[in-house]
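Novice: The disulfide bond annotation in Swiss-Prot covers 3-20, 10-22, 16-28.
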């Protein structure tokens, strides 16, 4: 999957860019 390497806080997958998902530590990855 395509996920820009930008540190972004999130609560759910839709908070993240491209195909990133929200990981357990609260950041996109």
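Note that the numbers count up from 1, one per residue, in the order the chain is shown.
The backbone N, Cα and C atoms fix where each Cβ goes, glycine too.
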Novice: Among 3, 16, 28, these being the disulfide-bonded residues, pick the one whose CA is nearest to that of residue 22 (disulfide bond).
Specialist: 28
Novice: Given the disulfide-bonded residues 3, 22, 28, which one has the fewest other C-beta atoms within 10 angstroms of its C-beta?
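Specialist: Relative to the other disulfide-bonded residues in 3, 22, 28, 3 has the fewest Cβ atoms within 10 Å.
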Novice: In terms of DSSP three-state secondary structure, what is the assignment for residue 22 (disulfide bond)?
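Specialist: Where residue 22 (disulfide bond) sits, the three-state DSSP reduction gives strand.
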Novice: Rounded to the nearest angstrom, how far is the Cα of residue 10 (disulfide bond) from the Cα of residue 3 (disulfide bond)?
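Specialist: Here the two Cα atoms lie 14 Å apart.
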Novice: Can you tell me how far the Cα of residue 28 (disulfide bond) sits from the Cα of residue 20 (disulfide bond), in Å?
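Specialist: About 6 Å separate the Cα atoms of these two residues.
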Novice: Same chain only, sequence gap of 6 or more: which residues have a CB within under 8 Å of the CB of residue 16 (disulfide bond)?
Specialist: 3, 8, 10, 22, 28
